[in-house]
2 protein chains.
Amino acid sequence: MIRYPNGKSYQPIQQIGTKKRISGESSYSNRGMTLEADLNETNQYYLVNGIAVIHKKPTPVQIVNVDYPKRSAAVIKEAYFKQSSTTDYNGVYKGRYIDFEAKETKSTTSFPLKNFHEHQIEHMKQVEKQGGICFVIISAFGSVYYLSASDLFFFWERQKQNGRKSIRKDELMETGHLMTLGYSPRIDYIKVVETLHFSDESE
Amino acid sequence: MIRYPNGKSYQPIQQIGTKKRISGESSYSNRGMTLEADLNETNQYYLVNGIAVIHKKPTPVQIVNVDYPKRSAAVIKEAYFKQSSTTDYNGVYKGRYIDFEAKETKSTTSFPLKNFHEHQIEHMKQVEKQGGICFVIISAFGSVYYLSASDLFFFWERQKQNGRKSIRKDELMETGHLMTLGYSPRIDYIKVVETLHFSDESE
C-alpha cells in the first residue's frame, strides 16, 4: 500500500454503488484519483513554486458547426475528437524543453504498447533529435514509472522485429524509474529529469 | 510590395464578391493568406528539415455534451470556446524551449495591447523566468515583426503606468526585429532566435 507522507493512504475510494474491486486489478483509475488529476496538481505545484512551467495541451477537436447567437457566446454544435499528433504535456525546466505522455494500464503482467500510436512515437523521436527531454509516465502494477523515450523506442522497435506487443513488468521495473508518490508534488517527475539530465553524472 | 523569391507577389487576392481593399488598410488577413497559415507552413518546414519541432496548440474548448452513437464516432453536441491561459505555439529548438504568440492588427498607426490578456503575459513571464525563449510575432503595417517577450513586458507595464494602450509604429520598428517574408520558410523566426540566443554575441 502506498501512503502519502501525511499518512493518508493512496488506496481506492470505495464509493457506494460502485462495483467491488476485483482482486488483482490495481489500475490507477480504481484509486479514486486519476493519473491526469495528479499530474495537473503536480504541474500546478511546479508552476506556483517556480520550479517548471508544464501544461497539458487542450484536447484536439475538429469543429464542424458553430452557432453564433445574438448577444451570447458562440456555441459549438457539432465537433469530433481528433487523434493528437503530438504528446499531451510539454513545457520548460531550466531552459530545456520537456515533453511527455502519460498512460495507465490495468494489466497486471505487462504494459501494452497499443497505448501509443506511431504518430506520437514519431513526434518523440523528433523531440529527442532536437535535444528536448522526452519521456512517458506509466502507471502500472500499482506504481508510477518514468520511462525515457529512448527506452520506449527500444520496445517499440522490438515490437516491429519480433512482434511482442507489450513491455513486460520486470522490463519496466528495470528500465523505468520508479516514482514514489508524494503529497505535494504528487508525482515528482522533475526530480527524475534533474537526476538524468542535470546532475554531474548525467548525459 | 512584398515579393517571394520566386517573384510571386504577396499581395491580396481580390476575390469576387469581396469588398474592395480600403486604401491604407494593409492587414495580413487582406492578403488572402493568413498569418496562422504562414506559421503552420513555416513550422512544417522546420519539422521536415529537422530544424525545430514547433506546434500550434489545439483551440481550448469546454465540452458540455457528448453523444455516443452506437457503431460510430462520438459527437460533441455542445461546447464553448475557452480563453487560453498560455500562448498558442511552443516547441523545441536545439534543446531550448520556444514559446510564442502570433497577433495581427489592421491599425496603421500602432499595435493595440488589447491583443493580449493578462493571463498570457503572466505565462510569458513564467516562461522567461524558467529560461525559455519567449516572443511574439506581430503582423502590422504590412510587415511581420519578432518582438521579444521582455520588450512586450515593457510596453505592458507602461500601459499600467501611463495608460498608453498600444505600441506605436515607430516603437515596434525600433524594438522589434523585422522578418523578411520568404517562400520557404515563409516567416523565418528561428533565424531571429538563432541570432538573439545562439550566436556569439547573444545573451
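If you go along the chain as it appears here, the first residue is 1 and each next one adds 1.
Any Cβ shown, glycine's included, is placed from N, Cα and C.
Among the candidates A:Gln62, A:Gln120, the residue that TrEMBL annotates alongside A:Thr86, A:Asp88, A:Glu101 as binding Mg(2+) is A:Gln120. A:Thr86 (Mg(2+) binding site) sits 14 Å from A:Lys103 (site 'Transition state stabilizer'), taking the CA atoms of both as reference points. Across the fold, the C-alpha of A:Asp88 (Mg(2+) binding site) and the C-alpha of A:Lys103 (site 'Transition state stabilizer') stand 10 Å from each other. Set side by side, the binding-site residues A:Asp88, A:Glu101 differ in how many other CB atoms lie within 10 angstroms of their CB, and the most is found at A:Glu101. Closeness to chain B is evaluated for the recorded positions A:Thr86, A:Asp88, A:Glu101, A:Lys103, A:Gln120 by Cβ distance, with values under 8 Å counted; counted residues in sequence order are A:Thr86.
Listed in sequence order, A:Ser84, A:Ser85, A:Thr86, A:Thr87, A:Glu101 are the same-chain residues at least 6 apart in sequence whose CB falls under 8 Å from the CB of A:Gln120 (Mg(2+) binding site). The Mg(2+) site is defined by A:Thr86, A:Asp88, A:Glu101, A:Gln120, and by the 8 Å test on Cβ atoms against their centroid, the other residues of the chain that qualify are A:Ser84, A:Thr87, A:Tyr89, A:Asp99, A:Phe100, A:His123, A:Met124.
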